[in-house]
Every structure is written in C-alpha cells, then in structure tokens.
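S.K.: Below is one structure. I have some questions about it.
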Amino acid sequence: MNLSQEHAINQNLHKNQKNEEKIEKKTINKDGRGQMNYDGEEGQGEKSRFQKMVENEKIEEPQQKDENIPNTDVIERKEVGVIERINSEDVPILMTDNATDYKVLQHNLKKGKVSKKSKEQIEQISKQEENDMLEYLKNYKSNEEFTIQLEDLLSFETYFSRDELHLLYREFKTISKSGMFMSKEDFISKLTPFSRNADLTISLMNAIDRNGDQKIAFPEFVQALSIMCRGTKKERLRFTFEICDFNGDSLVSRDEVYSTVKAISDIFSKFGYSKDKFGDPSEAVDSIFSSGLTTNGIYLHNKKELTLNEFLERGELNPDLSKCFGMFDYFYLKFIGQIDLLFKDKEINMNGQLTKIKPKTIFNFNISHRRTLSLRDGFLIVYKKKKFKHDEDKPSKVIFLPGSTVKVVVGSQPSKKKKFLSKKFHNYYGFRVTKGNYNRFFLMENRDEALNWVNAIRFHSRQGFRFQSFSKVRSNISVEWFINGSSYYNELAETIRRAKHEIFITGWWVSPYVYLQRDNGIENMEKSRLDRILTEKAKEGVKVYVLMWNETNLGVQLGSRHAKNWLEGCHSNIHVIRHPKRYPLSWSHHQKNAIIDQQIAFVGGIDICLMRYETSKFQLTDDQGKRFPGKDYGNLLGTVIRTGDPKKDQFNRRECPRMPWHDVHTKIVGPSAKDVASNFIQRWNHAIYVERSNRFQPILVPKNYTGLPSDDAKPDKWKNLVSNIRKGFSHVSYGREKPTHYQRAGDNPKVRSHTRQGAFGLQSDQIDNKIDKQKNNSTNSENSENSYSEFDEEDEEGNQEEEDEDEFDEFEKDENQKQENSKIPFNNKPSDAGGLKSKNYKNNNNNNIIESLKDEESFELPGTPKIDLNNDKLLKSIYHLSSNMSENSCVVQMVRSICPWSAGTDVEDSCYKAYLGLIKNAQHFIYIQNLFFISSCGSKLPKNRIALAILNRVRRAITLKEKFRVIIMVPISPSGDLALASSRMIIGWTNRTISQGGQSILELLKNEFPDVDLDQYISFNSIRQWEANGDRIFTEQIYVHSKVLIVDDRVAVIGSCNINDRSMMGSRDSELAVVVSDQSKLLITMNGKPFKVGKFPHTLRVGLWKTHLNLTDSEISSIIDPITDNAFINIWRKTARNNSIIYKEVFGDCILENQRRLGIVQKKYIPKTNELIVQLSQIQGVLIEYPLDMFCESNLFNEQVGIFTAESYVDVSIFT
C-alpha cells in the first residue's frame, strides 16, 4: 500500500464526521437486529470498512515503509503503548486488588477450570507470560495478515493502543486456526464459556459477528472486545441488549435477561469464585423490570419487556447492567487483565497546550479554543489561555476521569465547518474525551502526541477496584476511631486549627453554631464554635469550602440557606454551596466528611451540627444548658425545630429528657484521605457545573501539599505511658475521651461508671517493634494488600493453630479459667445469677498482671517499672487496653453510593457490594450497628438483599453446625415522632425485615429450622438510658445513628450508609464509607482457638461493647473472644434481657418497646422513689433487646394514614 492508498483510507475513515455527534437511530436488518457499526454507533444501512474487508476476506499486503510515514518502531510504540488501564468499566467486579489472587483467577479462566497449582506456581507462570509478552512486543514485525495499515485502522477505531493490538492478535492466533478468522466451532469451544447454553452462545456470537457469515474476523473480535472492556456506558448497554435479545426481535424479556444472568452466575462458580456480586439472578432482573423512582425522582412502571431505549434508560439505575452482569468481566480477565498488569506501576502525569473543539455551538459552527491541560490524580484540569493574563490557579473545567472514555480520532481534509481552523490541523490527529455530558475533541499536530495523551488519560481513568469502587485499596494508612461526638468534635477542632491551606466540609446538615469543645470552661467553649474556628483560619489565608445538602424535601428544614449566608458573611475565604437547587425531591446528600489540606480526612456518621455532641455517659438532662445549650438539647421523638435562634430551647428541660446520640466516626491520615478529597472535589465541581447560581464559586483541583499539619497539640504518648504505668492498670479505660460529666444529685454511679476514660497510649513504634519480635508470625510476612476483606485469606484456625500453640498456651489457660469463673445459669429474674452483675463475674486480672512482671528481657523508661515483653498475659492485656489509633498499619479503601444527580457520574454502589461481600464471607461473627435495618430476604421490596445475605450465612452455620454469631443493633424508633405516618412506616419496614410479615429473617429461619434455638445464632438489640433528676426518673432510647459493620474482628466498615435502599442502591442518597483492615495483628481466641485479628477492627468492637455493657477494664478480657457462650450468651444476651425486664417492670407501657399497638400514651418520666432507684440500679450499661413484638397488633402501613397525608401519595421507595 502506498501513501496515496493510505491517505484514501484515512479519508474514508472519517468522511462522515457527523457520526461523532449525531443522535443514534435504530435500523432493523432482515433478522430483526439493529446493525451497529464498529465505532459503537447505529448503522444507517452502509456497511463498515471492517465488514467490507471481512466479506472480501482480503487483507492488503504490507508495503515497504516510506520515510515520510511517522516512525512506528517498537521503541516508539512502547513509549506510548500499553499502560495500566483500569477504567471504571474494565475491571471485573469480582476481582480482588491482590495481584496474586488476581493472577490465580486469570489462570483459572484461561484453563477453563479451577487450577490445582499453588499460588506460587501460578505467580511464576504469570511472570513468565509477562516476559513472553514483552519479548513478543520487542521482536514483533508486521506480517502478511496483520499489516501496519490494519493496525492503524484498529488503533483509531478501538480503545486499544498498538502494543495492545499486537498482544491481542497473538492471543487470537492461539484460538483461531487460520490466524485472521475464527470459525463457529472455535468460538464455541475456545472463546466462550457458555457452550452449554445454546441461546446465550449464539446470541453472543451474533453480537460479535456483524456480517453474519458465521465466522469472526480479528477486526470483529477486537471491536467487540473494545466495547465490552473499554467502551462507553452507552456502547456497553447496547451490546448487553443485543446479547440478551436471543430471538432478535429488538425486545428483551424477563426470561431472556434471567437466562443470561443465571448462565453467567453458574459459570463464575466454575472458575473458582462463587462470590457473586450481582446477588440472586431474580434480584438483578427485578432491578431492571420493576417499578420505582429514577435518580431524578421520575417514576418507572413495571415492565415485562423492554425496548432498546427503555433498556438504556433503566440501565442508568443499575451499575451492573452495563457489565452484562459479569460477562464483560470474563472477557476482561481472559484477554485484557494480563496486559494491564504489564505496566501496573507506571504513573503518567502530563501538562501541555491543546486545541479544543466544542461542537454545535451558535450558527452550528465548531468553535476552537486553545487550552492548557494538566493531568494528575485522576483529574483532567483545563485552564483557559487568556491573552493578557494566565492564572493557572483558576481552571475553567475539572473532569473527574474515572468512568470516562477516551479515543484516538484521526482526520483528513476539513469539512466546510472546519475550514477556519489552522492549516496545520487540516490533517489532524487528536482524541475525544467523554464523561457524562462532557464530550470534547482535543487536536494535535501528530499521532504520537495524541497517543501519549490518550494513554495517560486511560491510566488516570482507572476505577472499578475491589467492590467496583472509585478508590484503590491502600496500605500503611493511619486510622483512628471515635465513639460518640465529643471525642470526634474535639479532634476535629484541633485538626482544623492546624490547617495550612484548605478545609473541606460536607454534610447532610452543617450548623455554624455547634460547639466542638465543651470541657474547658465557657470561654473556650465559645471559641470552639464552628463558625468562629473557620473564621479564624480564613483570616490566616486558609480556604474553606462547605458543601451542604439543600433540603429539597419539604418535610425537612435544616436552615441551609441561613447557614450559607452566615458562613460566607464571616469571611471572603469561606465558600458555601447548597446542592441540589430543585430536584430530586426524594433523595439527599448524606455524606459526612471533613478534609484538611487534602491529607487528613474524617469519615463516618456524625454531622457537624446541633444535637450530635455526645459523651459515653449518654446524659439525659442538662437543666442549666451548660453542656447542651439551646437547640443542642434535642429529642427526635418530639417536634424538632432545627432553624431559628440556636440559643433558644426547643423543649422544657424539666419535662422532656434529651435523646442521647450514639455514633462512630474515623480519622484517616495518608493516601486514602486524598481519595476522600477527590470525592469532595468531584461533588463540589459538579454542583458548580449544573447550577448557574454557583458559577462564581471557585473550581477545586487536587493538590499535593508537603508536610502534614502540625501535631504539636497532641499529648505525648510516652508521657501517658509513664503516667499510666505508675498509677497501675486498674484505672485505665478504653479510648481517648476525657472525663466530661459533672456529678449531680440523682446521677446513677453504677450506670455512669463506664465514663471514666483515660489515654493509655501504648502506641509507640519501639513497643510495637519489640512485641513483634517476640511473635512467631511477624506481620511483616503479610502481603500489604492481602486484607481479610479481599475474601481469599485462608482460615487461620487450621493453618496457624499449630504454629501459634506454644505462644498461646499460657494465655489460653488463663482465658479458659476466666470463662469458667463467669459462667452462671440464667433465670428470667434479674439478679446476681446472670449477666455482668454476677458476683463471680469480676476478676482481679490487672493486679495479677502487675505482680507477674519480670526483669528479664524488658525495656525500661526512666522512673517506670520494667515491662516483661515475654509475658503473654501482660502483652495481651495491654493490646486490648490500647488507644483507638492504628498508625501506618491499616489497609483502607473508600466505598460510596453516588450517581448522576449527586456527582455527575455513573451509578456506583460499592458500599452495598462491600456489605454483601463481607457478610457472605464471614467466618465467625457479624456485628452491625445502624440507624436503619430495612432490607429483603427475597421479596421485590426492599431491593437490597443484605438481610438475605445474613439469612444465608446463618443458614449455612446451622446446616454445618458451626458456632456463628450475628448481632444487629438498631434504635427502637429510627425516624422520630410517631405522630408522623412516615415514622411508623419505617418501623413497619424494620419489623418486616427482622421478625414480622412472613418474609423476615427470624420467621424464615424458624420455618426452616423449627428445632433450632435461634438465640444461639442471632441477637437484635437496642440501647436505652435512664437518669434520676430531682423528684423524677427519666428514660429515653439512645439514638443509634452509627453505621458500622465488623466481621470477625478483621475488617470494619464505618461511614454514612444506612442499611436501606436509599443508601445502598447508589442511585439515591449520596454516601461514603471506609473499609478498614489492619496489618497489625493481635493473637486472641475465637471460639476458644487461636485466631489472629486486626488491631483496628478488634479494638473498635471491644470499645463499643465496653460502652454498651458498662465494663470496667478488668472485665474486658471476658469479651475478647466474642463468640464463646460466656461472651455471647452469659454476658451479651443475658445483660440485654435483664435490662429489658427491669425497664418493662419499672416503666411498663410508657416506653415504646413495651407497646404492642399504636395509640398508647408515652411518658418521659415517672415519680422518683427509693425502691425504683434500687431496682434501676441493677441495670448494667445501656444494652437492651430489640422489641420483636413491638406494634405487632397494629398495621403500621395503613393505620392512622389518611388520604390527606403526604405518605398516601409518595412512592414507597421513599421509606425503604
């Protein structure tokens, strides 16, 4: 082929430039199918170039390369060739982020079965394959079949670079007999794993074989692979539609889609992972065909069949639909995954000036602009090139690249509309970036420059890591947990004061008037008010950005307009955005984060607003308003007024107790904090782009500041260690919270005793290092990304029992003795015979620890006793009394629920996938605290299947006779005032999930296992507090607002996501959570056997139990192993039952959990008598049982719901 022939090809390649911009139209060929061109557009009856080439079965002979043709040798191609390309749409949903496990999965897929080889052997095989691929690229020369011209055509028309095309051709030749064509027999036997499903196999082949000649040419194969693994979401949805359309009638039915999902689900288990992320096949089908609301609140009706347009519309609601429920993952793993791993460590950041083409502007011209582009940290940052001024600190556009697609575009002679362009662009090369509604051409003078930018953008577009999250799994992160608002607010205030550059804050509710520190007098408390701290930092030059939910729901008033005006009036460096402006009316922004200098992030369930400050005392009264001033004294079961004067009380403090607020938050330091900042930047910029009223707000970009904010204010850990050792261990308590409660008449010291908290900060590297040296299994041998949450960690009970036995003997004997001493028979009357009030329960373990100190092999601090590092009892006790931070040892990933309305991106439901995956793979126990527990065991509503995952895991434990425990803690009334029909409906949905309605967890288990005592497996709990004040005794539920999942003390999920469809489906409320495992391992017992757990999730779980059970430090050892009969039955369940019995006897039907029907008047207090005080003093902690029969005699969905109430007209999904 000579130059004129090549130029003719280029002219034909893009002679119809409108195909890049037109609206696609459906055409039906003879068999009823739509004809799709290889660029992903619908055909208009004209055959594509590839179709013509395939029909003629003619590939032109390579000609001698002309000197004028740009150099395409191996070295040059390698520079712009294959890079890590992990796009949101290319990485399989089921893959782990562990490279070895990923290679095992690829090896299984290539062999077509589960390999018996070890991971080490497969690692060696994979390494050899990588070397072979690199050698192939180095020595590759064009041949008679795969010519340079065909290479050019494919690289321009697909999402693959030249090197990738060569490697794909190498793989294709191993499958096909002829080299360029694959027969139907080869396709069925070697390419697809669905040979047993004839309909699916034929449909898939028809989708790839565009000309219908029953053969697949290499160009057809590459184009289909390009769409499946790297195409736009619309392209992949169209391809999915064709695969599911078995009969070619341009409609897909429930049966067709179900057959597809079922076949894929079956084949996945064949290759060694049955960890199905798509749920039950019926769930996937229901998500497409059932009725419901879109992300913008548009109602979709139930459908039996879907057209292409309907399929595309509903595809926006399901993040798995564009993956063809995993089929595209299969092709990615089989053909692309190994290529992506070749350059997995290569990072590409770029800067340069390009010409941007904005299509179809005024007068139907394509307008060109010169732009400066910067590519870094997953963002494409566009700066305007101004004639007199160029300020790179003010970008004109910032594009969050994960989820985007980029494609090389080559042009020939310009059309009439482009003749105004410079002549150097008449034969142009460039690329097109597509992300959501953003669609732009960028032009360059040569191909190599275009390919460099394309490869770099593809690298930064990577997404879809574990749980299909936007965030990578990152190691060596410092994470700190906070139980309740007081400790979190205090740390937040100190961190904000150390900010040097930027402060990001987002929340469901942000109040300028919340006091963050309340322990050091009125003057310091006033200084700690949020608006004053932010103003102080703004005056220092720190930029403050606050993103609030604009309460579009008329039933909720948070005063966001006043908060915006107030904060922006404090200083010009404070910027506030309220989003969205008008719709959706049904959904909300629910993320609760603060980010300091893009280096430190706070993530969890606590908003920075009124009524969230709480201590571990769970104080009910504050007559003088010293700790809870004005509207900070609140009770959700009454009429809450969140707007107006914040200093004005909304309740009579003598008549109404406050409702304590129980929550959990985290502090993250390290690269994962950058992921939280990226999430904020994406949402902030999206709010600017979609709302014209925000156009004057600054656009944010990711920045890499050097040096963490100063940490001088933090207490010295060694000083704490010296002080605590001198005083002895008996005073040491869990966590960092300082004493905050002043004693008053009427306080119950038995209930309040658990509030004494110190700071036993045994966190130093010296101590940890010396301890690690004494362990037989150093955590250094752990793979930095091999966390429990990757699902492939083997059962350590069997693998490590032998090697840990010697180390564990002494500790095991001591633990068994403690358990024997505290096992007491239980009866229904609260007494010293059960729970934590047993006289035999307490032990003097700490005194024994002090007495057991030895002098040999110890370390010494000046003025302190020597600590024996070989004494297991001492070390284990210290571990469980350590602080709430794990420094530089955590494996962290951010997960979220996000969608087009909330962030301008495709639907992401990685929170949901994390919950499903972790629950399904739990080995010993599941611990959940959540505001809501609204889920389904298989019914159409709710749509999320977290309850089903729990049900199936308990089923498996019962069938296999495993000792397995599940604890689920929710509030008694999660939605506030029961006078509202919406609040009653939410309780109704909760009860349907747990114990009522016929399809609940407990009902299904009882029907299936009638002879099994379910109390041995699952416990539903709430928490409640009482307090005497003057001549009255108050009681109130503690509002469980935390969103925590802990599995096996090895992994924890903490964030803002509730267990309901609103939070989990991804297409509704915006959410953010952190998945944490810890490489710092602690050796404990699990069911009495040696078991290694992560320090962070273990200490968090123990800290929560200590708070709920009111444990002293000497009693902690009894809950270290959470699944023994002693911990779960004798302590947890019996304490909850004893406390519930006392509350019922003292308060009767005055409290919600004792009411079986609606309409019974509640009372917040009863007259105080000495007898009642004595009886209530037997309550241990705050734990109670969740009332399974609450309102069982009332229909919460219809009773007291009139035709004039809003609940009668809104869609039921609002409540689920």
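Backbone N, Cα and C atoms are what each Cβ position is placed from, and that goes for glycine too.
These figures come from a predicted structure and were not determined experimentally.
What Swiss-Prot shows for this protein is this:
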type: DOMAIN; residues: 196-231; note: domain 'EF-hand 1'
type: BINDING; residues: Asp209, Asn211, Asp213, Lys215, Glu220; note: Ca(2+) binding site
type: DOMAIN; residues: 232-267; note: domain 'EF-hand 2'
type: DOMAIN; residues: 347-462; note: domain 'PH'
type: ACT_SITE; residues: His590; note: active site
type: ACT_SITE; residues: Lys592; note: active site
type: ACT_SITE; residues: Asp597; note: active site
type: ACT_SITE; residues: His1041; note: active site
type: ACT_SITE; residues: Lys1043; note: active site
type: ACT_SITE; residues: Asp1048; note: active site
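Buried or exposed, and what's around them? Tell me for each listed feature.
M.R.: The DSSP breakdown of the domain 'EF-hand 1' (196-231) into helical (H, G, I), extended (E, B) and coil residues amounts to 24 helix, 3 strand, 9 coil.
Per-residue pLDDT, averaged over the domain 'EF-hand 2' (232-267), rounds to 85.
His590 (active site) carries neither a helix nor a strand DSSP state and counts as coil. There are 25 other Cβ atoms within 10 Å of the Cβ belonging to His590 (active site).
Here Lys592 (active site) comes close to Thr506, Gly507, Trp508, Val603, Gly604, Gly605, Ile606, Asp607, Ile608, His665, Ser1056, Leu1072: these same-chain residues lie at least six apart in sequence, with C-beta atoms under 8 angstroms from its C-beta.
Counting every protein chain shown, the number of other Cβ atoms lying within 10 Å of the Cβ of Asp597 (active site) is 22.
Around the Cβ of His1041 (active site), the same chain contributes Gly605, Ile606, Trp661, His662, Asp663, Leu931, Pro971, each under 8 angstroms and 6 or more positions distant in sequence.
Over all protein chains present, the Cβ of Lys1043 (active site) has 27 other Cβ atoms lying within 10 Å.
Look at Asp1048 (active site): DSSP puts it in coil.
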S.K.: Could you break down the residues of the domain 'EF-hand 2' (232-267) into DSSP helix, strand and coil, giving a count for each?
M.R.: 26 helix, 2 strand, 8 coil
S.K.: Compare the C-alpha of Asp597 (active site) with the C-alpha of each of the recorded positions Asp209, Asn211, Asp213, Lys1043, and give the closest one.
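M.R.: Closest candidate to Asp597 (active site), judged by Cα separation, is Lys1043.
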S.K.: Could you round the CA separation between Lys215 (Ca(2+) binding site) and Lys1043 (active site) to a whole angstrom and send it over?
M.R.: 53
S.K.: Please report the distance from the Cα of Lys1043 (active site) to the Cα of Asn211 (Ca(2+) binding site), rounded to the nearest angstrom.
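M.R.: It is 53 Å, counting Cα to Cα.
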S.K.: Tell me the Cα distance separating His590 (active site) from Asp209 (Ca(2+) binding site), rounded to the nearest angstrom.
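M.R.: The separation of the Cα atoms works out to 46 Å.
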S.K.: About how far apart, in whole Å, are the alpha carbons (Cα) of His590 (active site) and Glu220 (Ca(2+) binding site)?
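M.R.: Spelling it out, the Cα of His590 (active site) and the Cα of Glu220 (Ca(2+) binding site) are 45 Å apart.
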S.K.: Around Lys215 (Ca(2+) binding site), how many other C-beta atoms are within 10 angstroms of its C-beta?
M.R.: 20
S.K.: Between the Cα atoms of Glu220 (Ca(2+) binding site) and Asp1048 (active site), what distance do you get, rounded to the nearest Å?
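M.R.: Cα-Cα, rounded: 48 Å.
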S.K.: Where Asp213 (Ca(2+) binding site) and Asp1048 (active site) are concerned, what is their Cα separation in Å, rounded?
M.R.: 55
S.K.: Given Asn211 (Ca(2+) binding site) and Asp1048 (active site), what distance in Å do their CA atoms have, once rounded to a whole number?
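M.R.: Per the Cα atoms, Asn211 (Ca(2+) binding site) and Asp1048 (active site) stand 54 Å apart.
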S.K.: Return the count of C-beta atoms lying within 10 angstroms of the C-beta of Asp1048 (active site), excluding that atom itself.
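M.R.: For Asp1048 (active site), the count of other Cβ atoms within 10 Å is 25.
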S.K.: Could you work out which of the binding-site residues (Asp209, Asp213) has its C-beta surrounded by the smallest number of other C-beta atoms within 10 A?
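M.R.: Among the binding-site residues Asp209, Asp213, the lowest count of other Cβ atoms within 10 Å belongs to Asp213.
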